[in-house]
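Q: This structure is in structure tokens; I'll ask about it shortly.
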Amino acid sequence: MRPSPGEVPTASQRQPELSDAALVSHSWAMAFATLISRITGFARIVLLAAILGAALASSFSVANQLPNLVAALVLEATFTAIFVPVLARAEQDDPDGGAAFVRRLVTLATTLLLGATTLSVLAAPLLVRLMLGTNPQVNEPLTTAFAYLLLPQVLVYGLSSVFMAILNTRNVFGPPAWAPVVNNVVAIATLAVYLAVPGELSVDPVRMGNAKLLVLGIGTTAGVFAQTAVLLVAIRREHISLRPLWGIDQRLKRFGAMAAAMVLYVLISQLGLVVGNRIASTAAASGPAIYNYTWLVLMLPFGMIGVTVLTVVMPRLSRNAAADDTPAVLADLSLATRLTMITLIPTVAFMTVGGPAIGSALFAYGNFGDVDAGYLGAAIALSAFTLIPYALVLLQLRVFYAREQPWTPITIIVVITGVKILGSLLAPHITGDPQLVAAYLGLANGLGFLAGTIVGYYILRRALRPDGGQLIGVGEARTVLVTVAASLLAGLLAHVADRLLGLSELTAHAGSVGSLLRLSVLALIMLPILAAVTLCARVPEARAALDAVRARIRSRRLKTGPQTQNVLDQSSRPGPVTYPERRRLAPPRGKSVVHEPIRRRPPEQVARAGRAKGPEVIDRPSENASFGAASGAELPRPVADELQLDAPAGRDPGPVSRPHPSDLQNGDLPADAARGPIAFDALREPDRESSAPPDDVQLVPGARIANGRYRLLIFHGGVPPLQFWQALDTALDRQVALTFVDPQGVLPDDVLQETLSRTLRLSRIDKPGVARVLDVVHTRAGGLVVAEWIRGGSLQEVADTSPSPVGAIRAMQSLAAAADAAHRAGVALSIDHPSRVRVSIDGDVVLAYPATMPDANPQDDIRGIGASLYALLVNRWPLPEAGVRSGLAPAERDTAGQPIEPADIDRDIPFQISAVAARSVQGDGGIRSASTLLNLMQQATAVADRTEVLGPIDEAPVSAAPRTSAPNSETYTRRRRNLLIGIGAGAAVLMVALLVLASVLSRIFGDVSGGLNKDELGLNAPTASTSAASSAPPGSVVKPTKVTVFSPDGGADNPGEADLAIDGNPATSWKTDIYTDPVPFPSFKNGVGLMLQLPQATVVGTVAIDVASTGTKVEIRSASTPTPATLEDTAVLTSATALRPGHNTISVEAAAPTSNLLVWISTLGTTDGKSQADISEITIYAAS
């Protein structure tokens, strides 16, 4: 057992939390390390079997099990369930951040392990006899010799568990993930040395001084020591003191009952292992090796499929079980059961049919001959079904432990071990072939887990008491039955084909190569049948998988096609498979719960819908965009699961206080300057025996909340008492929008409960104008609303691009339609702050952070929608803005105190659109409902579209000519000439239009996930001024003589391409490195810049910078030397200025001349969705 990185200490002394991109990078690194560990570990087992053969491998396998058995009994079994939570609590509560607790823990663990290691080495002959029985076929002296050399691993196995737990609580996951790889590499190297050492392994008699024996035993133990050494180095790098400190912490004593239960659980399970090994070793010399290798083969697909599924579901399942949220637990059980069954049942069918071929393909090498590989294959076929009950038992145990019922699993393990022992005792009497006994032992093991699953089901049903008396819903049962039927049909047909085609001859005559070919044929037979049956039965996971395959194929085709089509249409992307879930809010301090389910679309609809686009936001009229919303038709919703960080410029996760909106005018900051610790965890009953404070988590970028489920990425503002965050769902590897409700815990319970209840009702609104609510949680310090992440830009970012009026009002219709649907459902959207609103990449204005306060009403929504439209039109916010500033400037007001109409600010805004924005913002504007507002928006859009259509040019009156029967030659020639001129002009216009369209499409589809601008969102009409370069500021151009990359805190970014920023060619550019962290400055280094050396000392007037990135901020600095040592050696000429994609001009107020000008990137933006800045041209103008 290995500790889980589930809980992280939050005391001030703890290590800093990982940043958002660092988390993603570490997650991928851990996944890669796990894959390498499994590959090298299995290669090690195969090599060992091939070198030693089945009989000798049995001796080594039994001896190598002993250190794991002893370590599990002494320490490992209790460490994950007991020590890790206590360690996390110590780091939170202790003044020294848990340093003394860690020292006591390591001292106690080392003492116990040293004693256990010494005793186990001394008792090696007894332990071997316990495992082999009284009359084994396995070489007992050789096994004992190996045991003497391998049992010292007990010490390092136990310490590895301790060190992993300490590192995990410090957010250090790399070394624990790679340490097993080091162990496997050392073990493989040991096998190479074993082959190189001359002589033979002494078997009869066994000599402890035999070179090969010592190399194999000591080398294997050295690998485990190397694994622990890697962890110890990481411990020292974290400056964690391990100096001995004697004493037992009182917190450990409280967990004595649970520790006793865990030890008893492991002891009973190890009893079944001992009985199985004794019977296997008595039956045949190869028995233990086949018995153990069978289990290793079964764990390969389980580790890649079953563990992945369980890892996704178990964190939420544990939280809900700990919170005693029975409906949520039932929903999670149903989801986990469904995902487990649909992935493992086909795997079991394939392994059952192809078992003999699998054994030969994997192990028919060297001294592990074809006969032993065949028996191993038979064991795989007989015990493959074990995967399913094994996974279900793990699910059930997690629920019991989360509900603090450690003694209940004892009943399950007693049943499992009892059936397993009974079946193991019967195995030698079932078959007359001693070599097949190991296969029937695997069958007995599976029957034991099956019995445990059945007993666990009834115990869980009695404990949870589900409505209707069933833990699994009808939908889940149907999916399981369909999957079973499809797997049975596919397996039966594959077995018949295997017999009729004589595929077994491939294994018999071609060995492992023939077995691989045989498995390929079986897979080609089974896969189409499984796919056809599940797709015809409309299993949602199958349809989602089909969509994913289609998307992958299409993306590969598009990569080889023109650049203008290198991105899939959103409608072709597969959506996530979701399931209807029964949810309720956890009761706040004894209050009544809200029995409001979160409604989702049926899985079939979700799988069928995929990622459909909303109405496009363009300047041309669209009937679908206008009347679809009016009719209330259910529009497909975009799903934003891709990792795309949209950090608002200049936003800082500052404190949020709670003044009344009327008390703060637009742009005012709250007075509260400190945010206290905030606890976010599943609600549970207070501990009667402990008064320990709750787990406190500081709301800062990189912090983990909800037991590590969500990692905070970027703060997006807030309005009292709410905070808006972009976060990463680490379980599902997708981004989400988190709205923290009353994180400081000042609202009354009834107000908080009413807020969460109203927000829960928003989950029923299925409109593109409101982000889909995924979860609503009542925590110990407020509430948490989890919604889908809306890819695109904030309202302020999009307003800053000056979108066209027609595009703006068309984009607003999605939000108005969502408000209309919400008001009809009896709930308001609470559009009270510009930071709540985002513009999606599909051109929809969306309520991105749902959370409806009790005082919210439909009239406030109308004003909020009008204010959002007003902001898109003139880049001003017309309403009072409480909380954290959004970046929008306040609107100017007329003599009556009303915001000035947008048309008075910009004469190019159509009167109808301006009137809608102005009237909806005013309290007495006459717009009383969202449906009226939506209708006015559609009418204004239609009128604006008609006024933009050019009428025909009136021709001068021409006297009517007398009609003739046939045109004369002069008229015919003139008409022919005019026709040719018209065709030529039309062709020229068409060619220019096609070139412009290709350029626009290339920009849009070539950078969908990159920076935002008005053309990509379809919010701006093309104008001549947008493509023309800005007029040159006064003063002469100063051409730099040299440019170098200035990076005092790290390596220079692409120094060889620095000249491209001043070469006068906008098509070339200097790019920074691509950073994994979306905000690398100043966390990774303080920044990077370009040092431009001027031909002579010059008073700089303006600096023009052309960039392709979004969100980049630069400072203009001067230096006395071209190579200053630090950034402090330069002088700031202009403060940080946000750059827009395209041409930017920065005015420099410098009185003194300078010969060295530094363009310093203080904030890195994004280019094509990557954390990278791209500067194509820098032009310097002297002061006039």
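Heads up, the Cβ atoms here are built off N, Cα and C, so glycines get one too.
Note that this is a predicted model, so its numbers are computed, not measured.
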Q: Are Gly209 and Pro434 on one side of the membrane according to Swiss-Prot?
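A: Judging by the topology that Swiss-Prot records, the two residues are on the same membrane side.
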Q: Which residue, chosen from Thr730, Thr739, Thr947, Thr1137, is annotated phosphothreonine in Swiss-Prot?
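A: Residue annotated phosphothreonine in Swiss-Prot: Thr947.
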Q: Is the count of Cβ pairs under 8 Å between the transmembrane segment (477-497) and the transmembrane segment (410-430), pairs 6 or more apart in sequence, 3 or more?
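A: Output no: the transmembrane segment (477-497) is apart from the transmembrane segment (410-430).
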Q: May I have the DSSP-based helix, strand and coil counts for the residues of the topological domain 'Extracellular' (63-67)?
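A: Residue counts in helix, strand and coil order: 5 helix, 0 strand, 0 coil.
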Q: In the topological domain 'Extracellular' (198-212), how many residues does DSSP put in helix, strand and coil?
A: 2 helix, 0 strand, 13 coil
Q: Would you mind splitting the topological domain 'Extracellular' (276-294) into helix, strand and coil residue counts from DSSP?
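A: Output for the topological domain 'Extracellular' (276-294) reads 16 helix, 0 strand, 3 coil.
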Q: Which range out of 108-128, 213-233, 344-364, 410-430, 436-456 gives the transmembrane segment (146-166) the most CB pairs under 8 Å?
A: 213-233
Q: Checking distant contacts: for the transmembrane segment (344-364), what same-chain residues at least six beyond its ends satisfy Cβ-Cβ under 8 A?
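A: 46, 49-50, 293, 297-298, 301-302, 305-306, 370, 372-382, 384-385, 387-388, 391, 480, 483-484, 486-488, 490-491, 494-495, 498, 503-504, 506-507, 511-512, 514-516, 518-519, 522-523, 526, 530.
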Q: Go through the chain and flag residues at least 6 beyond the ends of the transmembrane segment (213-233) whose CB is under 8 A from any CB in it; none is fine as an answer.
A: 60, 64, 67, 145-146, 148-150, 152-153, 156-157, 159-160, 163-164, 167, 175-176, 178-180, 182-187, 189-191, 193-194, 197, 201-202, 206-207
Q: Taking a Cβ cut-off under 8 Å, which residues six or more beyond the ends of the topological domain 'Extracellular' (129-145) line up next to it in the same chain?
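A: For the topological domain 'Extracellular' (129-145), the sequence-distant neighbours (Cβ-Cβ under 8 Å, at least 6 residues beyond its ends) are 55-56, 58-60, 62-63, 65-66, 203-206, 208, 213, 217, 274, 277-279, 281-285, 287-288, 434.
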Q: Can you work out which residues elsewhere in the same chain, 6+ from the ends of the topological domain 'Extracellular' (63-67), have a Cβ less than 8 Å from its Cβ atoms?
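A: Tertiary neighbours of the topological domain 'Extracellular' (63-67) are 120, 124, 127-128, 131, 143-144, 146-147, 149-154, 157, 220, 224, 273, 277, 292.
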